[in-house]
Amino acid sequence: MRIVLVGPPGAGKGTQAALLAKTLSIPHVSTGDLFRANISQGTELGKLAKSIMDEGKLVPDEVTIAMVRDRLHQQDAENGFLLDGFPRNTAQAVALDGILKDFGIALDGVLDLEVPEDEVVRRIAGRRLCRNDSAHIFHVLYNPPKTEGVCDVCGGELYQRSDDSEETVRTRLEVYHTETEPIIEYYAKQGLVTTIPALGKVDEVTERAIAALRENAND
Ligand code: AP5
Ligand code: MG
């Protein structure tokens, strides 16, 4: 399956993507995680992305699209992928169509996670991530680790993202409304979008997501 996951910052895309990727046996491709890996490795791309991400703005399309093109050329993406955080504007959506066309493939669906703004703010405020693997996501209240500051999965150190400050979150939400929401309409015109409420327990949302993807596949 080739799926795009869309939703505001803090909606639970990374949390759901990790679970869905496992269930569907496809790689989870998160542009945010790819940028964060580049930042921690100190690459040129990481140096470019860091200050832009800390402001809550979008990394330029050329570099983002090139990074995704490279990632989708890797062998593990041959039979499907779950894109999280890409595309993030119409230009990226058009570019993705081009990349997939070159492969002779198309998207199977776009899953839109709907969460009210006050809840995304609460989710982001309490989020903690594992330094070893950003797929290991916790929340101080909603999904607390067994030992404070320590990842349950691998024992790694938990940290708070530098772009999770109140001011940056405000910008990220604005960017989401102006730049990213239009892609929902773009994909809706292609009959690809299923919107699911992403409130409730993590596993309830996963069940809703899997049911929506199955229904979409049977259409
Ligand atoms: P990115 O890393 O993609 O961030 P985002 O889109 O803002 O989304 P988040 O990762 O903040 O939230 P999420 O939806 O993954 O939620 P999570 O599962 O963690 O992008 C960061 C930056 O990189 C961008 O601002 C931009 O600068 C750059 N960038 C990335 N992609 C780009 C692109 N394509 N083009 C240009 N620039 C790009 O969950 C949040 C919290 O909620 C966690 O604590 C979790 O435990 C908790 N939670 C999850 N589900 C539930 C639930 N059901 N109930 C209660 N709590 C829950
Ligand atoms: Mg994420």
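Glycine is no exception: its Cβ is also placed from the backbone N, Cα and C atoms.
Note that the coordinates shown come from a computational prediction; the quantities given were computed from them, not determined experimentally.
Checking the candidates ARG2, ARG161 against TrEMBL: the one annotated together with THR31, ARG36, LYS57, LEU58, VAL59, GLY85, PHE86, PRO87, ARG88, GLN92, ARG172 at the AMP site is ARG161. Here TrEMBL has GLY10, ALA11, GLY12, LYS13, GLY14, THR15, ILE137, PHE138, GLY200 binding ATP, and the candidate from ARG127, ARG214 in that same listed site is ARG127.
Non-local neighbours of the region 'NMP' (30-59) in the same chain are 13-14, 17, 67-68, 71, 83-86, 88-89, 131, 134-135, 161-163, 167-172, 175, 179; each lies 6+ residues outside the stretch with a CB under 8 Å from one of its CB atoms. Listed as Cβ neighbours of the domain 'Adenylate kinase active site lid' (127-163) (distance under 8 Å, sequence separation of 6 or more from its ends, same chain) are residues 10, 14-15, 17-18, 28, 30, 32-33, 36-37, 40, 53-54, 56, 169, 172, 202. Counting residues of the region 'NMP' (30-59) by DSSP class, helix then strand then coil, yields 23 helix, 1 strand, 6 coil. Among the binding-site residues listed (GLY10, GLY12, GLY14, ARG127, PHE138), GLY14 has its Cα nearest to the Cα of PHE86 (AMP binding site). Largest CA to CA distance in the ATP binding set (GLY10, ALA11, GLY12, LYS13, GLY14, THR15, ARG127, ILE137, PHE138, GLY200): 17 Å, whole number.
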